[in-house]
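Visitor: Input: one structure, supplied below.
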Amino acid sequence: MTQFINGQWVAGLGHEVTSKNPANSEVIWSSKTATAEQVNTAVEAAREVQFDWFMLGFEGRLAIVEAYKTQLEEHKAEMAEVIAQETGKPQWETATEAGAMIGKIGLSVAAYNKRTGSSENDTPAGRAVLRHKPHGVVAVFGPYNFPGHLPNGHIVPALLAGNTVVFKPSELTPKVAELMLKLWEKAGLPAGVINLVQGEVETGKALASHEQIDGLFFTGSSRTGHILHQQYAGEPGKILALEMGGNNPLIIKGVKDTKAAVHDIIQSAYISSGQRCTCARRLYVEKGAEGDALLAELADAVKRIQVGAWNSQPQPFMGSMISETAAKGMVESQRNLLNLGGSSLVELTHLKEGTGLVSPGLIDVTQVIELPDEEYFGPLLQVVRYTDFDEAIKLANKTRYGLSAGILADSRDDYEYFLARIRAGIVNWNKQITGASGAAPFGGVGASGNHRASAFYAADYCAYPVASVEADAVSLPASLSPGLSI
């Protein structure tokens, strides 16, 4: 019973699917997918209760959300372990994700009040009141890299605003989604307010194309996001929020503390086995002796990165990639770059058949004439040597994406020069570019999104403004308009 529809756990009526721990291929979840008919039932259930959920009022909705927060706190260790088993990420990292899910509640409440609450002002024309209303029924499509935190960042703001939700998680992380819904159920969520439909592409298509949804919030690949954008092109009445990937640049310029620089590079490129949308994919290093020394130190540190299973002791820095297919895809991507003229500094290797375990890779692509503008979603960092700062910035901007970018530089002038010219939604200075604050917006430009920043700005796409001019009674104005006699 792995579909949660109208407050009931029901079996899927589609085909059999399984979820495996990518570090050892152990099956940890199995069920049948939701059919198009079950998706329709889920949407209808969400539609049926949406007005009642809205009319519960913000304080009533907040009470349920706060009860969910309590459940997350009580089950934090369980949530972290399920995320670790299903994604392959080390336990230290998934404990952080479970903590972020808890922290999202308070941040979402603050964002609701700051960005989409109510206000009123007296004007000569009457009392001007600003309110916000929910869109209605929204679909949430979750990713596998942060299967708890990222969909949570759509669902919580959507519910606070008064929407009801149909949640379609990644087919690679169904067990995490199931646990999330069990915690919502324990929190006392009314039937139909969140509905869970588990499945693969056909389930997602049935939900995305359903006529009765009012919006879709998606986190995932640029390819799928662009398909959704084309699908919604003729439906201006539906809100579409796309959070996609990036081919993210990191420039190194004039850094004295090379050990600190190496640390920030590793945290930018290899955390989560390179499976964060903000991970650095391209590293720009000055030509010359200082750049050579930095690269040598970086290569040595990359070789010594510990890789292991989610529960290995001592804990590794990198866990498994999401699947063996993903791991082999990274090996193939490295091979393609080598064939184009790249030079391996540290070889990425598939460590064990039947798993997603890979070692991190570092490749010099300076001699590649036409560097593919691809998001290699794994622990493979491309190095480009440069002689001119403007040239480095120009190359950094040579991408259709625009999610994150960063510079490690001792000079603030260099940072401000870079900041003014780089095209990205997240720009960091002397910090890893995988570091982002939940108290700030999160989103990119170009192929990285559609100008619907999430995180603190998620409240913006969860509600629409309603402007009113009000008076307590109908009254004649002091003077009538010309040509009127009443």
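A Cβ is built for glycine as well, from the same backbone N, Cα and C atoms used for every other residue.
Found this in Swiss-Prot, in case it helps:
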| type | residues | note |
| --- | --- | --- |
| BINDING | GLY220, SER221, SER222, ARG223, THR224, GLY225 | NAD(+) binding site |
| ACT_SITE | GLU243 | active site |
| ACT_SITE | CYS277 | active site |
Visitor: Cα of GLU243 (active site) to Cα of THR224 (NAD(+) binding site): how many Å, rounded?
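Guide: Spelling it out, the Cα of GLU243 (active site) and the Cα of THR224 (NAD(+) binding site) are 11 Å apart.
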Visitor: Sequence gap of 6 or more, Cβ distance under 8 Å: name the residues on the same chain that satisfy this around THR224 (NAD(+) binding site), in order along the sequence.
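Guide: THR224 (NAD(+) binding site) has long-range Cβ partners PHE218.
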Visitor: May I have the list of same-chain residues other than GLY220, SER221, SER222, ARG223, THR224, GLY225 whose Cβ is within 8 Å of the Cβ centroid of the recorded NAD(+) site, in sequence order?
Guide: PHE218, HIS226, ILE227, MET244, GLY245
Visitor: How many Å lie between the Cα of SER221 (NAD(+) binding site) and the Cα of CYS277 (active site)?
Guide: 9
Visitor: How would DSSP class ARG223 (NAD(+) binding site) in three states?
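Guide: In the DSSP reduction, ARG223 (NAD(+) binding site) maps to helix.
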Visitor: Cβ distance under 8 Å to SER222 (NAD(+) binding site), same chain, sequence separation 6 or more: which residues?
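Guide: MET244, GLY245, GLU375, TYR401, ALA447, SER448 - these are the non-local Cβ neighbours of SER222 (NAD(+) binding site), listed in sequence order.
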Visitor: Could you tally the C-beta atoms, other than its own, that fall within 10 angstroms of the C-beta of SER221 (NAD(+) binding site)?
Guide: 15
Visitor: Please identify, among the binding-site residues GLY220, ARG223, GLY225, the one with the smallest Cα-Cα distance to CYS277 (active site).
Guide: GLY220
